[in-house]
């Protein structure tokens, strides 16, 4: 008998990529692991908690592979603007005022939104990362965290940022019952001079950690890279040694065939951020080509200021829709592939081998959506419904690392009322500081 | 004193296109009309119902200008397929089996989804329209209904369809307290021979009703029109006299400059269906060009089988996002314009002069969304939040024609449990018939 055993009974379970992508049956969770999933009913066991899954669809928790959680404080603060004005007039002046407390409440707001919306793992690249780790620890979410460093500053400031990034990774990698892992993250090739970038590569080797950076989000940035270094960004990062580490880049909107080949060769992941790329008019990434080349493509929301929400169902749907519309091929990015991008490919991209899939031996990070609703009927193809019809607000329950963190839509780990109030107060205070 | 008077107190109200697009204040509803909206508190009145609007954002009800409600029965029944296979192997064989009862339950499922999601007016082009009118009457929604007619059939069948369309319009136009209006709707230039199409134009003149048709959804269809008639679709419909009637066309994905000019000249509306156009890989309509030319562009979901939901917030967001991403202009289709497309422009496109706007004298068709939620905080720009962050599931209350039809997310007019059960049973029965 185990007091930490839960049996989901009579549920439907999404297992994309398998022969039976919608499985009807049972799933057993013991401590932090899934120990069984299948059609046969497991033996009844005294002390085990049974959850009735009959009105629910169970899915792997969604994995958000690129974002800046604290930027939810700037949601709606600047929209429909040209990128440089948006950054220079709106985002940067406000972000320059952010204190550790601001980052704490902005991140708490985002984590609350993500957990309630079915995201069980998120990547965060920002500043004041100790405070993001604090929110992660308290909320029960899983996170891959990194101090993002912009190197357009004097060398002593650069070194200070690198030291912070290294110290953060040393302090937090593997913490919070293993829910926190770290990566190293120079912000982007256009904001980090080559020698600074190389120091991050060295640190990643020293710490044996993967790397993450923004790359080729805009056409201008690619042209600038060629002008500055005589190389397109992929070749530039290859030359700087980044791909000698397990790596993932965010955006990758403007890539040529040769660059796609290099990414595939080094098994570099690409975090596709369709909502943000559309809203900022960066363009439409070559996702079908990347997938065909064997590149790991995952999904990210980016910060809420350029999205403007953290609904990973919406990113899945955008990924499944826009590449059809733009390519003219209605079979591009079919629903199972979009779901894999939001789950299994996401986990692989941030170098977590034990989440992103419902299978025995995997960490118990999973969600349940209420399928007895008008927009999810009839029950023709529940995998299709998860991708094409559902939204964050359909999430009923969420478990991370075997622990239930959202129950009937309510977060069990954070004080929602307090987080909402503090986020609003923080925004108002930032306006007047 | 009036027993049919409601005062919304301390609310925030979206008035896109005005000097103060987010107004804080009060709104009064008497019977079916908005009689006051403004910052000043109206005089207290005995017998008037007061609604506390302090956690709510009030908006005009959303207007869905193109769809086939009963097709929700086929949601998820065929996805990620080439258009012709999807139609010939999946949609048409199932639709051929649809009885009046099937259309009733499919339409009820859609109307339930739409009302709960903030859509207060929908256009429906289908068959068995008496049953759609029945759902409209019972549910309290507003609708513009029409018997869509495909003319690829013998002349006696054509005439029968035309007679049904005319009879339906005669019987139902202006009914259900004026909530039902009618249009005349030959299905499309590629499915209606010119002489059949012309009969509809004549009938529209006789009945003094506007017209609606599908047009230029796919590139192939445009090429076929040129091959068959020596004209692109807009010139073809102009020649057939359609634009001598108030008209609206659905899709309009493939238009050249000259066609856009003709549509503007005749004040023909275009129902933009971004979700469906992307999913079926039809392409991306030239919405910024249409708007610049002064064409009324509204938003439609199309049927749920090609969407796969009826969330008009999602269509607003897609309209605001994809045209930025594809054009490279981040100022394309800004949030206020997307909201106007989903409300005021929508109403104008289906020739309803008294809905789509919160203003004294307009019909009281409005919705309230719960803005005290993580993904709608901080309260920086509530109009931006409505377009970029909200979804159908954020809708808390809905009023149509002055009557509350959704309260705290529950539909007051239809038996939701029965509709859900019947929709599922109908789908299962269709599979085995």
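Including glycine, each Cβ sits where the backbone N, Cα and C put it.
Among the candidates A:214, A:220, A:385, A:397, the residue that TrEMBL annotates alongside A:66, A:68, A:302 as binding Zn(2+) is A:214. Note on the binding-site residues A:95, A:217, A:302: the fewest other CB atoms within 10 A surround the CB of A:95. When the CA atoms are compared, the binding-site residues lying within 10 A of residue A:187 (substrate binding site) are A:214, out of the candidates A:66, A:68, A:214. For the binding-site residues listed here (A:66, A:147, A:187, A:214), the lowest count of other CB atoms within 10 A around the CB belongs to A:187. The two recorded residues, residue A:147 (substrate binding site) and residue A:66 (Zn(2+) binding site), show a Cα separation of 13 Å. Note on residue A:68 (Zn(2+) binding site): other Cβ atoms within 10 Å of its Cβ, all shown chains, come to 26. Mapped onto three states, the DSSP output places residue A:214 (Zn(2+) binding site) in strand. Cβ proximity to the Zn(2+) site centre (mean Cβ of A:66, A:68, A:214, A:302, cutoff 8 Å) flags the following additional same-chain residues: A:67, A:125, A:250, A:251, A:271, A:273, A:276, A:300, A:303. Rounded to the nearest whole angstrom, the C-alpha distance between residue A:95 (substrate binding site) and residue A:214 (Zn(2+) binding site) is 18.
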